[in-house]
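A.B. asks: Annotations for this protein, taken from TrEMBL, read as follows:
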TRANSMEM  7-26  transmembrane segment
TRANSMEM  38-55  transmembrane segment
TRANSMEM  62-84  transmembrane segment
TRANSMEM  90-108  transmembrane segment
TRANSMEM  120-140  transmembrane segment
């Protein structure tokens, strides 16, 4: 390896480290997070090409050693992240491995001509689709979310229901509506999200990253069905992106669920004015939660509809 090639490789490693440890994509949402993770694929594809280039006149077997060393560099970067306030990620390492494989395949196909270039391109395209599968998934989820707005969740659509998760010991699952439930005909759904209150201090459900801009609407509409024999007290919690995790800095509302069908129409001005020291940012709503206390463990309810009016 010449001195020029050594400096080239050293510079490539420094640039890669700076990008991995010192940069992040704008926006705090799961699409941006997944793009950040999948970016490891492109970064390590280019890094592998840069790493094998100084050894282009040596044995092809040396590529395996270079690939291993590049992977160790990726492991080192993940370890360093734990010291700068980030969490190491096995998914990032998977993207590193896919990128290393893509770089090595491009090198052997186009530089060493070990196999046809068109085959190298086909394999790299397949690896790229795997690496981009998570961002594509969240892009579809957000597109479906936009299409159904002002309904915040479309219960019959898988990509819409993805936004609802169990929280605090609650468990959610998609269930078909029993035909004997007395529901309004205008509801026009065939399924619901059933929330089981299994364990924990505040078991329930949450909707992370609902459609954020609630300006121009007057009410939040909730439709819930309870197959319990007794009343079920729940708490509705809503906060925006500026929330400081304090009780006084969010909207908190008690909901008393009666057996059978329940319909709530909640004024959004109350949500806006709920924080004690400021106004809720109605253009940046980030979380909607419904939960209860451990006293009601073992019970559950069905979320039929959530939307704005």
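Glycine is no exception: its Cβ is also placed from the backbone N, Cα and C atoms.
Annotations in TrEMBL come from automatic prediction, not curation.
So that I understand the layout, could you describe where these features sit and how close they are to other parts?
C.D. replies: Here the transmembrane segment (38-55) has long-range neighbours at 1-2, 5-6, 8-9, 12-13, 16, 19-20, 25, 62-63, 66-67, 69-70, 73-74, 92, 95-100, 102-104, 106-107, 111, 124, 127-128, 131-132, 134-135, meaning same-chain residues at least 6 beyond its ends whose C-beta is under 8 angstroms from one of its own.
Below 8 angstroms of C-beta separation, residues 13, 16-17, 20-21, 40, 44, 47-48, 51-52, 55, 92-93, 96-97, 100-101, 103-104, 107-108 of the same chain, each at least six residues beyond the ends of the transmembrane segment (62-84), sit close to that stretch.
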